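Engineer: Quick paste from TrEMBL:
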TRANSMEM  38-61  transmembrane segment
DOMAIN    50-317  domain 'G-protein coupled receptors family 1 profile'
TRANSMEM  73-98  transmembrane segment
TRANSMEM  118-138  transmembrane segment
TRANSMEM  159-182  transmembrane segment
TRANSMEM  202-235  transmembrane segment
TRANSMEM  256-279  transmembrane segment
TRANSMEM  299-320  transmembrane segment
């Protein structure tokens, strides 16, 4: 096996991060296929390179930016790329060495400090992209459907403040097990730590809080983006505004919808699985001390899917930029402005908002 089996006394202590799974139950074939070290190594390297490349492109785009309406969106997008990059860097720095060294967690980390840090990182860097996606969708919703409800667009400083609030909230969520609500435990095949899917009261509350918050973020993004897309479709079919030369709204929505679709496909199976698992185990509260084999393996598979979210997010921005799309489809023309929804607006005021 990948680890020495945890002793029974450790498994019986609720404050110890070992004993949730048994690493020596004869699943060598499954470990070779599902828990291959090359999965973590390949995903980590590809994700790091992708996010680093996207970050360089974003910095270049920000320097050439002339549209104030696009500025906060690029800030949020930059925050998302930085979060994905740091998430891959932090988690890979622990998980990948384990696969090649095969160290024993109980000996290297008897006080569970490393396990708690890795579990916190998984929750923090997992929840941040979902919340940032909802934040970006909300900003675009108000920017497209209520463009004149604010005297000016969000400044870069305020946008970075919002990103900081998202990071702070996710940090507070990740610290809950350290403060006593739930606990982080070692997961199959012994290379990573995550929240505990056991029917203990604290674990159930923390699992539901993490999963339901993520589901709410995805659903909120879907609602905001759906309304925004419908609004843009109305603008797109308005023939009177074909000559308007502002298509940044369409470009941003294409990127945002792509981010939402990726987050939904990668995250929803895991979030729903967490909710179903803890609720199904509630009748056996206090009796189940170790996760079933099927639960352990399915959790690992869903985590693999979540990793793809961090890999694919940067490519949404890299590939769905106007500069790239216009090279692939030279016949593309600029789309109309959102201001065409307000044909009775005073012409001088319209020129004020369309300038720049």
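Even glycines carry a Cβ here, placed using N, Cα and C.
Relative to the rest of the structure, where do these features sit?
Structural biologist: Residues 74, 77-78, 81-82, 84-85, 88-89, 91-92, 95-96, 99, 191, 304, 307-308, 310-311, 313-315, 317-318, 321 of the same chain lie 6 or more positions beyond the ends of the transmembrane segment (38-61) yet place their CB under 8 Å from a CB of it.
Taking Cβ pairs closer than 8 Å, the transmembrane segment (118-138) reaches residues 17, 73, 76-77, 79-80, 83-84, 86-87, 90-91, 94-95, 162-163, 166-167, 169-171, 173-175, 177-178, 184-185, 192-195, 210, 213-214, 217-218, 220-221, 224-225, 228, 256, 259-260, 263, 267, 306, 309-310, 313 in its own chain, all 6 or more past its ends.
Long-range neighbours of the transmembrane segment (159-182) within the same chain, counting only residues 6 or more positions beyond its ends whose Cβ lies under 8 Å from a Cβ of the stretch, are 71-72, 75-76, 79, 83, 116, 119-121, 123-124, 127-128, 131-132, 135, 195-196, 200, 202-203, 205-207, 209-210, 213.
Only residues 6 or more beyond the boundaries of the transmembrane segment (299-320), in the same chain, are considered here, and those with a CB under 8 A from a CB of the stretch are 34-35, 39, 43, 46-47, 50-51, 53-55, 57-58, 77, 80-81, 84, 87-88, 125-126, 129, 187-189, 192, 194, 197, 251, 254-255, 258-259, 262-263, 265-267, 269-270, 273, 291.
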Engineer: Any residues 6+ beyond the ends of the transmembrane segment (202-235) with a Cβ under 8 Å from its own?
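Structural biologist: Sequence-distant neighbours of the transmembrane segment (202-235): 123, 126-127, 130-131, 133-134, 136-138, 140-141, 144-145, 173, 176-177, 180-183, 195-196, 241, 249-250, 253, 256-257, 260, 263-264, 267-268, 271-272, 274-275, 277-278, 282, 335-338, 340-341.
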Engineer: On average, what pLDDT score does this prediction assign to the domain 'G-protein coupled receptors family 1 profile' (50-317)?
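Structural biologist: Mean per-residue confidence for the domain 'G-protein coupled receptors family 1 profile' (50-317): 85 out of 100.
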